[in-house]
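Copying in the features that TrEMBL gives for the protein in this structure:
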type	residues	note
DOMAIN	A:5-129	domain 'Na+/H+ antiporter MnhB subunit-related protein'
TRANSMEM	A:12-29	transmembrane segment
TRANSMEM	A:35-57	transmembrane segment
TRANSMEM	A:69-90	transmembrane segment
TRANSMEM	A:110-135	transmembrane segment
Amino acid sequence: MNSVILQTATRALVALILVFSIYMLLRGHNQPGGGFIAGLIAAAGFALFAMAWGIAAARRALRVEPGKLAAIGVLLAGISGAVAALLGQAPFTGQWLFIGATEGDKGLPISTILVFDIGVYLSVLGAVVALVFALEEDA
Amino acid sequence: MTGHRDTEDAEPRQTLIALVAPLVPAAITLLLLTQLPRVMAGEVLTFGWAWVPSLGISANFFVDGLSSLFALLISGIGVFVAIYAGSYLSGHPHLRRFYLYLLLFMIGMLGLVMAADLITLFVFWELTTISSYLLIGFNHSNSAARRSALQALLITALGGLCLLAGLILLGITADTFDLREILTLGEQVRASTLYVPILILVLLGAFTKSAQLPFHFWLPNAMAAPTPVSAYLHSATMVKAGIYLLARLHPVLAYTEAWQWTLTLVGAATAVVAAVLALRQTDLKLKLAYTTVVALGTVTMFLGAEASVAIAAAVTFILVHSFYKAALFMLVGIIDHRTGTRELDQLGGLRSAMPITCFVAAAAALSMAGFPPFLGFIGKELKYEGALAIASEPLLVAGAAVFANALMVAVAGTVVLKPFFGQRRPADIPVTEAPPGLWLGPLVLSGLGLAFGVATPLVADTLIQPAVTAILGRPEVVKMKLWHGINLPLILSLLTFTLGILVYLAQRPIRAALAAFFSRLPLSGDRAWDRLLEGLKTLAAVQTNLLQHGVMRRYLTVIFATVAAALGFVLLRAGEIPLDIDWPQLTIKEWAALALTLAGALVAATARAPLAAICALGALGVGLALIYLFFGAPDVAITQLLVETLFLVLVATTLHRLPVFSGAHNPRFRPLDALLALFVGALVTVSILAVMQTPFDATTSEYFERTAVPEAYGRNIVNVILVDFRALDTFGEIVVVFTAAIAAATLIGHRLRRKKS
């Protein structure tokens, strides 16, 4: 599709969509959101980009092969689960670190759970985008 | 390309691996030898760790007399096979791969004979099956090798599955998977109603692995493997795995008529039939392969007994046979290697050209024929003594043993006399002696056959007696001597030699008669197997064509009809369901969402234009998402909306290729489809209403609500469940998503490349 309006709007929109997807990913543990939803949002962003600018441009924008992205996601999730196993607990037990925690305030929580959710995000994003790209290239 | 690189820089690394590889089994052998005094003293060495504690499965290992004997054979013969392979396959581009398979197999065998847990035992059992598949099919460019490898794999794996079922039943009956504990529970197992199924399944596993009638045909076919493999797997180790299993489970499963008769009859039949088949062969390697089947049958026959002397005969024969058969296989490999043929008629008079090989072959063959003072003689005497000690059917066992042994004498004579004596053949090519790497192994092995024969009491104390003690589960004293005085076994021995020499002299007419007889048989085991496989393939093709026709609408019809049938069946069985429907008080926005959903469904079902139908489906999805949102599931609602959006994008990209646009679409009214749709819809509605009537068990959801914040530090329960409580499930799901997407993208990409080219 070669529409100036769509292309111009897409530039701003896709950036917003991607930022929004990361926002959804990070808030997921406490409010509606999470890796799966955020991955779908980001995938929708890239699908939109691919429609406006073409597959080649979308591939360049993604920088990484979508299949590889999905594989990295699965790997990341697996590693986050293995951490607990290495520490002698049941695999996929969450490991938490509260940076700067004080009495009454838990500070900045960092956890393997977050890494796991990022893995879910990447694998969903990669898988859906891989399908979209393949179908559009075939078209 | 990789093959090319392999051959270029393979040489130095190959010599290195051929030097290093024998060190591994050598180290294991030495380690086992240092432990031998403790085993002789009746000590049981154990080591291991927990594996699946929740199921009571452990990776435990133990070494008693029986394990020690087998482990020594496996690692000891492994040393010589590894040395031999280095010479035999010298310069082969895949030598490294060969050693990898060989070591893998050795680990499998060692694990199998030392396993102290039924499941661990089975895992190693399967490892030997798989590595032997790789080894038999090592010359994978040869279609006969591939066929034989697959045949061996399928038969032994089929037996392996039976064995797994048998071992699990045994574990259930004994209430433990700990093998050492089970060995003490023989009476309990035999009294159980599951005894007969256990026996049948375990015997199927052992008989397929050890090539007993009627599964014997895979073993001669496995001779497609390189000779070091035949010498190792198909004489000394793998085929003895079934024998090991029978010996190992003897205290648990023996002492019944069923055990006694099955083993005796199957073993005797196997020995006799294979002896006749061995006589018929003209290929040296095949001849030896059939004599291996004879040996396996003989050992099985003796393991059917309970008398200690019969068990001692079986154990001694396992030892004797491993030595001479591995040596003879390697010798046949030498002949093949130096002359290029294994056919009896093309060989002769090689004695002067290959003096060392000839000498070694003579030593191994004398042990095989059972001449004094070789260990083979003692083995044979013990067999006769054991046969006569079997109370129930001494005549049958002794008769089968004499018959099989007489034919062994004839075969041993043929294997040595024919290639090395008489007129020189092949006459046209110069034949020279083999390098030391080739004859070292057989020399040591047949030398051991002689030394052990002379030093009989030592062997009896160190190897035989501990093994017999382990099999019978009670301390046994085994007396073995070269000279017993003139008794019945000695007379039987003399009878054997006479018969054997007669058969040897008359072998040409006998072979001709056998060939005529076998050509008239309608079906051999090998042919039957081929037919079975063909039938299986035809069946697979027919059912695939029937079920996988590739027409989407028919798939959907089948799926929904199945759902309707299953739901209808359950609802009918449940009988009358009181559906008391109280109409909910919906707000206007809820009514609106409901109306949107219904309208979407109606338009999608009736629309003439495909684009309209797709848009209507989108509207239906949005309506559903709204309903989720109104009833407190924002995460599900968001996901639903996003999936709808992406679905629309994906459909839009493929739209132009749908049959609608190619003119094949014919949007007419289909009453049957409509009826099915309405029926499924009604059934689903009724079952959902019925489910709503049953009281809701809130234990799980309450647990999650209670623990989400204190234990998982998250307030969004859906997400906490996904990434923490049920993280393993989620991990499995993303693996599925990843795999499905990669597979689909690959398929589409493949189509694209084909279209371009």
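Residue 1 is the first one shown; counting continues down the chain.
Heads up, the Cβ atoms here are built off N, Cα and C, so glycines get one too.
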Hey, which of A:12-29, A:69-90, A:110-135 has the most Cβ-Cβ pairs under 8 Å against the transmembrane segment (A:35-57)?
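By Cβ pairs under 8 Å, A:110-135 leads among A:12-29, A:69-90, A:110-135.
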Could you pull out which residues elsewhere in the chain have a CB under 8 Å from any CB of the transmembrane segment (A:12-29), counting only those six or more residues past its ends?
35, 37-39, 41-42, 44-46, 48-49, 113-114, 117-118, 121
Give the nonlocal contacts of the transmembrane segment (A:69-90) in its own chain as ranges (CB under 8 Å, at least six residues past its ends).
62, 112-113, 115-116, 118-127, 129-130
Give me the mean pLDDT over the domain 'Na+/H+ antiporter MnhB subunit-related protein' (A:5-129), rounded to a whole number.
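A mean pLDDT of 89 is what the predicted model shows over the domain 'Na+/H+ antiporter MnhB subunit-related protein' (A:5-129).
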Tell me the residue counts in helix, strand and coil for the domain 'Na+/H+ antiporter MnhB subunit-related protein' (A:5-129), as DSSP assigns them.
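Split by secondary structure, the domain 'Na+/H+ antiporter MnhB subunit-related protein' (A:5-129) comes out as 89 helix, 10 strand, 26 coil.
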